[in-house]
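Taking it in order: structure first as C-alpha cells, then the write-up.
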Amino acid sequence: MEKPAFETDCCAVNVVLGEEKKGHLIPNGNGHQAGVNGSLIGGTDGAGCGATPGTMSSVEKPVPGYPEREQWTRQMDFIMSCVGFAVGLGNVWRFPYLCYKNGGGVFLIPYLIIGVVGGIPIFFLEIALGQFMKAGSINVWNIAPLFKGLGYASMVIVFFCNTYYIMVLAWAFYYFIKSFNATLPWSTCDNPWNTPSCIEIFHHEDCLNGTIGNTTYGNMTCEELADGRSPIIEFWENKVLNISQGLDYPGSINWELLLCLAAVWVMVYFCVWKGVKSTGKIVYFTATFPYVVLIILLVRGVTLPGAYDGIMYYIKPDWSKLGEAQVWIDAGTQIFFSYAIGLGALTALGSYNRFNNDCYKDAFMLALINSGTSFFAGFVVFAILGFMANEQGVDISQVAETGPGLAFIAYPKAVTLMPMPPVWAALFFFMLLVLGLDSQFVGVEGFVTGILDLFPGKYYMRYKREISVAICCLMCFIIDLSMVTQVSHRRLMGMYVFQLFDYYSASGMTLLWQAFWECIVVSWVYGADRFMDDIARMIGYRPFPWMKWCWSFITPCVCMGIFLFHLFNYKPLTYNNTYVYPWWGEVIGWCMALMSMLCIPVSVLYKLCRATGTFKERWEKLTKPQWGPHHLEYMAPDTDIKSLASLSASTEDNKVIIFESGM
C-alpha cells in the first residue's frame with residue numbers, strides 16, 4: 001500500500017544548520033518537512049544518522065579527497081548518452097527481425113500500444129528515480145531499502161547483457177576488417193567456404209519466361225536455381241559462424257574472432273575508464289554517425305527493383321496476426337529490450353543529472369527518438385529484403401532466415417550494390433560498430449556505477465574506477481570465450497551459446513519481471529503520489545496523471561500479463577527452427593534467468609528475517625527511505641508545491657537546511 005508522506009503527530013522541527021548554496025529550496029508536494037519520513041544516509045554508511053528513525057540531526061562529511069558525484073558537463077551529454085545507449089543494434093537488428101518474423105506491419109500496432117502503456121512510463125520512472133536519488137542501480141532503491149534486491153537483479157541482467165551483446169560488435173568488427181579487400185568476400189562464390197548451391201546472380205525471370213527453359217545456367221538447371229543460396233548467406237553461416245552440430249560439441253578457439261573480440265573490449269575500456277566526463281563527449285559521434293549512413297542506405301535501397309514490395313510488406317498489416325499471442329509477447333519484450341528498461345543503466349545515467357533537470361520532457365523525447373529510429377531502420381531493411389526477394393524469385397517471407405543474422409545478410413547485400421562496394425562496406429560496418437559501442441560502454445558504465453556506489457568514501461582509492469572497469473571487462477571477456485569456440489572440422493558452437501544468453505538472461509521474462517516490481521515498489525510501497533511530488537520538486541511541475549495511473553495499475557498488469565503468457569506458453573529454445581537445445585542447455589538458461597529474478601524475493605525474505613519486532617514494525621522500518629545529503633538542499637518547510645514556478649536557480653540567498661525532528 002502507499003505510504004503516507006509523513007506522520008502527522010510527529011514533531012517540532014528545528015533548523016540546526018544553514019549554508020548558502022545555489023539551487024532551489026523545494027518542499028514536498030504535501031507541504032511536509034523533509035527529514036521526518038526517512039533517515040539520512042551519511043557519507044560513510046547507509047544507516048540513518050539519528051538516534052531514532054526519521055531523525056536528520058547531522059550530515060557526516062565525506063572523507064577528505066573523496067570526489068563528489070560527477071555531473072554531465074552539459075545536459076546535451078546526457079541526452080546523447082541516452083540516445084547512444086537506447087538506440088543501438090536492437091533498432092537496426094532486432095526490431096526489423098521481429099517485424100520480419102511476425103508478418104510485417106502488424107507488429108507495429110502492439111509495439112506502439114505497449115510503448116505508450118509500458119515502455120515510456122517505466123523509461124521515465126528509471127531516469128527520474130536516478131536523478132532524484134543521485135545513485136546507481138543498487139543504492140537508488142534506498143527509496144525503499146527492503147526492495148534493494150531490485151538493484152542487484154538489474155546488475156545481474158546488465159552483466160549478462162554486457163557479456164553477450166559485445167559478440168555482435170565482434171562480428172561487425174570482423175566484417176569491417178574483411179571489407180578492406182578489392183573484392184568483398186561475401187560477394188562471390190569462389191571462396192573455400194562456398195557450396196555448390198551458391199549463386200551470385202539469380203535468373204528466375206529467365207526461367208519463368210522460358211528464355212533458358214530446362215537448359216542449364218552455368219552448371220545449374222532452373223530447378224536447381226530455385227534452391228540456390230546467396231554468397232552473403234554462405235559467408236555469414238559458413239565463414240563467420242561456422243555453425244556446428246550443436247551446443248555439446250566444444251573445441252578449440254577461433255582466433256580470428258577472438259582477436260576481434262579482444263579489440264572491441266579494449267575500445268570499450270578506454271571509452272568508460274574515466275567516467276561520464278569522457279563518455280559524454282564520445283557519444284556525440286557514436287550516436288549521430290549511424291543516422292548519416294542509414295539515410296544513405298535508404299536512398300540507395302528505395303531505387304532498387306522490388307524495394308516497393310518489401311516496404312509494403314513492412315507497413316501493410318496482416319490483421320490475422322493480431323490474434324496470435326506471440327506477436328504481443330515479442331512487441332512487449334522488444335519495447336523493454338530497445339528502451340533498455342530494467343538494466344539499471346538509465347538510472348545510472350540519470351543520477352549524473354542536475355537535480356532540477358526536466359527529465360519528464362527528456363523521457364518523451366528519447367522515447368520518440370528510440371522508436372522513430374526503429375521504424376526508420378525497418379524501411380532500410382525491408383527495401384533491401386524486397387530487392388533480394390525479387391532477385392531470387394521468392395516471397396519476402398522466405399528470403400532469409402529470421403534471427404540475429406538478419407543485419408549481417410540484408411545490409412551487406414545493400415553495400416554490394418553500390419559503386420565502390422569496399423568503401424561502402426567499411427563505412428557501414430564501422431557504423432554498426434559505433435552503433436553498438438555506445439550501447440555497450442553505457443551498459444558497462446551502469447554496471448560499474450552500481451558497484452562503486454556500494455563502496456563509500458572510506459574505501460576511496462585513486463584508481464578505483466579504472467581498476468573496477470578493467471575487472472568488469474576481463475570477467476566478461478573470459479565468459480565470451482565460450483562464444484568463439486570451434487569444434488571439429490572448424491565448426492563454431494558460439495552462436496548456440498550466444499542465443500542461449502539472448503533468450504534467457506537479458507531479455508523477455510527477466511525484463512518484464514524487473515519492470516513489474518519497479519512499478520509495484522514505487523507506486524505501492526513508496527507511494528505514487530509521493531513520488532509525483534518528488535518529481536515536482538525536481539522539475540517544477542507535476543507530470544500528467546497518466547504516468548501515475550500507468551505505474552500503479554496499467555503497466556504492472558501489462559508486464560505480468562505478458563510474463564505469465566510467456567511462461568505458460570514456453571517452448572524449448574531452438575536455433576533456426578531446426579536445432580533443439582539439449583536439456584542441460586535449457587537448465588543453464590533457466591539458471592541465468594533465475595539468477596536475476598530470485599534476487600528480489602530472496603533479498604526481501606532475508607531482510608525481513610534479520611529485522612526485529614512484529615511484522616508491521618519490520619515492514620515500516622525496512623521501507624523507510626534513506627535520504628542522501630543532497631536531498632536537504634531541496635527540502636524546506638512551510639512552502640507549497642504551487643510556488644515552485646516562482647523559484648529561481650540563480651537566487652543568491654537560497655539555503656541548505658537540515659532538520660531535526662523529535663517525537
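Cβ coordinates are placed from backbone N, Cα and C, and glycine is handled just like the others.
Look at TrEMBL and you will find 78-96 (among others) tagged as transmembrane segment. Below 8 angstroms of C-beta separation, residues 72, 127, 165, 168, 276, 279-280, 283-284, 286-288, 290, 294, 334, 337-340, 345-346, 349-350, 352-353, 357, 362, 365-366, 369-370, 373-374, 377-378, 380-382, 404, 406-407, 410-411, 432, 435-436, 438-439, 442-443 of the same chain, each at least six residues beyond the ends of the transmembrane segment (78-96), sit close to that stretch.
Sequence-distant neighbours of LEU435 (Na(+) binding site) (same chain, 6+ apart, CB under 8 A from its CB) are VAL87, GLY88, LEU89, VAL92, THR286, PRO290. Among the features that TrEMBL reports, Na(+) binding site is placed at GLY84, ALA86, VAL87, ASN91, SER338, ASN370, LEU435, ASP438, SER439.
Feature annotation from TrEMBL assigns transmembrane segment to 108-129 (among others). Among residues of the same chain six or more beyond the transmembrane segment (108-129), those with a C-beta under 8 A of the stretch's C-beta atoms are 82, 99, 140, 143, 315, 317, 322, 327-328, 331-332, 334-336, 338-339, 341-342, 344, 346-347, 349-350, 353, 359-360, 362-364, 366-367, 371, 375, 515, 518-519, 522, 531, 535, 538, 543, 546-547, 550-551, 554-555, 558-559.
Sequence-remote contacts of a segment are chain residues at least 6 beyond its ends whose Cβ falls under 8 Å from one of its Cβ atoms, and for the transmembrane segment (150-177) they are 89, 93, 136-141, 240, 256-257, 260-261, 263-265, 268, 342-345, 347, 404, 408, 412, 425-426, 429-430, 432-433, 436-437, 439-440, 443-444, 446-447, 450-451, 472, 476, 479-480, 483-484, 494, 498, 501-502, 505-506, 510-511, 514, 517-518, 521, 592, 595-597, 599-600, 603. Taken from TrEMBL, the feature transmembrane segment applies to 150-177 (among others).
Sequence annotations record features per position, and here TrEMBL assigns disulfide bond to CYS189-CYS198. Counting only residues at least six positions away in the same chain, the Cβ atoms of CYS198, ILE199, GLU200, PRO231, GLU234 sit under 8 Å from the Cβ of CYS189 (disulfide bond).
Per TrEMBL, the feature transmembrane segment maps to 253-272 (among others).
Marked as transmembrane segment by TrEMBL: 284-308 (among others).
According to TrEMBL, the transmembrane segment annotation covers 328-352 (among others).
Within the chain, the transmembrane segment (364-389) has long-range Cβ neighbours (under 8 A, six or more residues past its boundaries) at 79, 82-83, 86-87, 90-92, 95-96, 99-100, 104, 108, 111-112, 115, 119-120, 123-124, 230, 291, 294, 297-298, 301-302, 304-311, 313-314, 338-339, 395-396, 398-400, 406-407, 410-411, 413-414, 417. Per TrEMBL, the feature transmembrane segment maps to 364-389 (among others).
Under the heading transmembrane segment, TrEMBL lists 423-455 (among others).
Marked as transmembrane segment by TrEMBL: 467-484 (among others).
If you look up TrEMBL, you'll see 504-528 (among others) marked as transmembrane segment. Only residues 6 or more beyond the boundaries of the transmembrane segment (504-528), in the same chain, are considered here, and those with a CB under 8 A from a CB of the stretch are 1-5, 118, 121-122, 125-126, 129, 141, 143-144, 146-147, 150, 153-154, 157-158, 160-161, 164-165, 332-333, 336-337, 341-343, 548, 550-552, 555-556, 559-560, 562-563, 566-567, 573, 589-590, 592-593, 596-597, 600, 623, 625.
Within its own chain, the transmembrane segment (549-567) has Cβ neighbours under 8 Å at 114, 117-118, 121-122, 125, 325, 328-329, 332-333, 508-509, 512-513, 515-516, 519-520, 522-524, 528, 531, counting only residues six or more beyond its boundaries. TrEMBL lists 549-567 (among others) with the feature transmembrane segment.
Long-range contacts of the transmembrane segment (587-609) within the same chain, counting only residues at least 6 positions beyond its ends with a Cβ under 8 Å from a Cβ of the stretch, are 145-150, 152-154, 156-157, 160, 500-501, 503-505, 509-510, 513-514, 517, 573, 581, 615, 618-619, 622. The feature transmembrane segment is assigned by TrEMBL to 587-609 (among others).
In the structure shown, across all protein chains, SER439 is the one of the binding-site residues SER338, SER439 with the greatest number of other Cβ atoms within 10 Å. Residues 81, 84-90, 92, 135-139, 151, 154-155, 158-159, 161-162, 165-166, 168-169, 172-173, 175-176, 179-180, 184, 264, 267-268, 271-272, 275-276, 279, 282-283, 285-287, 289-290, 292-294, 297, 340, 343-349, 351, 407, 411-412, 414-416, 464-465, 468-469, 472-473 of the same chain sit 6 or more residues outside the transmembrane segment (423-455) yet have a Cβ under 8 Å from a Cβ within it.
The Cβ centroid of GLY84, ALA86, VAL87, ASN91, SER338, ASN370, LEU435, ASP438, SER439 marks the Na(+) site; residues of that chain outside this set whose Cβ lies within 8 Å of it are VAL83, PHE85, GLY88, LEU89, GLY90, ALA287, ALA340, THR373, given in sequence order. Of the recorded ranges 253-272, 284-308, 328-352, the transmembrane segment (467-484) has the largest number of C-beta contacts under 8 angstroms with 253-272. Neighbours of CYS198 (disulfide bond), defined as other CB atoms within 10 A of its CB across all chains, total 20. Taking a C-beta cut-off of under 8 Å and a sequence gap of six or more, GLY84 (Na(+) binding site) has these contacts in its own chain: VAL283, THR286, ALA287, ASP438, SER439, VAL442.
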